[in-house]
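K.L.:
Please see the structure below; I have some questions.
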Amino acid sequence: MATVKLTESLFGVTNNNNEIKKYTLSTPDGFEVSLINYGATIQSIRQPDKSNQISEVTLGYDTLQEYVDDKYFFGCTVGRVTNRIKNGRFELDGITYELPKDDGTKKHYLHGAFNKRVWDSSTENNDTVIFKYQSPDGESGFPGQVNATVKYILSSDHQLTIDYHATTTKPTPINMTNHAYFNLGGDASGTMLDHQLIVPADKIIPLDDEHIPTGDIASVENTPFDFRTLTRVGDRIDESFIGYDIMFLVNGEGKRPFGKLVHGSSGRAVTIESTQKGLQFYTGNYLDGGKGHNGTAYDKHAALCLETQNYSDSVNNQPHFPSTILRPGEEYHEQTTFHFHLE
């Protein structure tokens, strides 16, 4: 039976003399995932196609400084809270907390600081890389010391499982995800508009013109957001503002199918399962030609994100949204698996 191989190398050194390590998990047939402990980040995924040609299928960089300068969250772990928090503010147990207003409008909080932190790292069983980060009380304005752990586990049949854990010393919101950008045709192949996507979701969370949830829940019926059958991503993208950036509410409970992305000409596909509540679908609308792997220019719609997570902005007067609040004595635990395969 094929086994997973794990290698370790030095990726770079920060200005504070922290060594950034690169861990590569690979299988004998050429599938490969590389991870770095800067941002607990997926630095690279390389996948063979139906002709056994291996390509880079995620956007990313080849140097540490590019990750330090990165503004797109390529492949990183996002937290404490992914997505937006309206006005960079929330109230919890009678206390109002102020957060950085770091989204594109400079009015709202977006994603957090976990992507710019050096995580402790270790390995296990030649198929697992473990990243740990202790977020201090007050970091980015959030209450409580949070101990976060992200495990990446690769199976011999190309299933990459991301396992998230967190505990806290004070009540605080937690909603973590991975921000990988996928182009299954290869990161240098142009746009992902010819990819096909299926997501088992009847409903979405509508947004206002600043990408903040309105508080409503809407049907996908007769909208460009209906991906309940395999649909070409580019077919209706012009009907969705400047591209897709929407949360699907995935049907069911527990770890379950979240959908599948297919690239027909290469035969590459990725199937997603998760314990999370929703799937944020983003089509790289703000990519602007910045250079990535091997100097490749990543233009608008060069790749797409499929971010499993809890509802956005649930901390702000959305009582019908599932809570993202973690309290002392509780454990946050979510898991997502990306299965890379050929169709």
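Placed from the backbone N, Cα and C atoms, the Cβ positions cover glycine too.
In TrEMBL, annotation is done automatically, which means it is predicted and not curated.
Annotations for this protein, taken from TrEMBL, read as follows:
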- His179: active site, proton donor (ACT_SITE)
- Glu307: active site, proton acceptor (ACT_SITE)
- Asn83, Arg84, His179, Ala180, Tyr181, Asp245: beta-D-galactose binding site (BINDING)
K.L.:
Have a look around Ala180 (beta-D-galactose binding site) and count the other CB atoms within 10 A of its CB, chains all included.
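P.N.:
Excluding its own Cβ, the number within 10 Å is 25.
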K.L.:
If you measure Arg84 (beta-D-galactose binding site) to His179 (active site, proton donor) at Cα, how many Å is it?
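P.N.:
Cα-Cα, rounded: 14 Å.
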K.L.:
Relative to the Cβ of His179 (active site, proton donor), which residues of the same chain, six or more apart in sequence, are found under 8 Å away?
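P.N.:
The answer is Phe73, Phe74, Gly75, Cys76, Thr77, Val78, Thr82, His111, Asn115, Cys305, Glu307.
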K.L.:
What's the number of neighbouring CB atoms sitting within 10 A of the CB on Asp245 (beta-D-galactose binding site)?
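P.N.:
The answer is 18.
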K.L.:
Find, for the listed recorded positions Asn83, Tyr181, Glu307, the residue with the lowest Cβ contact count at a 10 Å cut-off, counting only other Cβ atoms.
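P.N.:
Across Asn83, Tyr181, Glu307, these recorded positions, the one with fewest Cβ atoms within 10 Å is Glu307.
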K.L.:
What is the biggest Cα to Cα gap, in Å, among Asn83, Arg84, His179, Ala180, Tyr181, Asp245, the residues listed as binding beta-D-galactose?
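P.N.:
Answer in Å: the longest Cα-Cα distance is 18.
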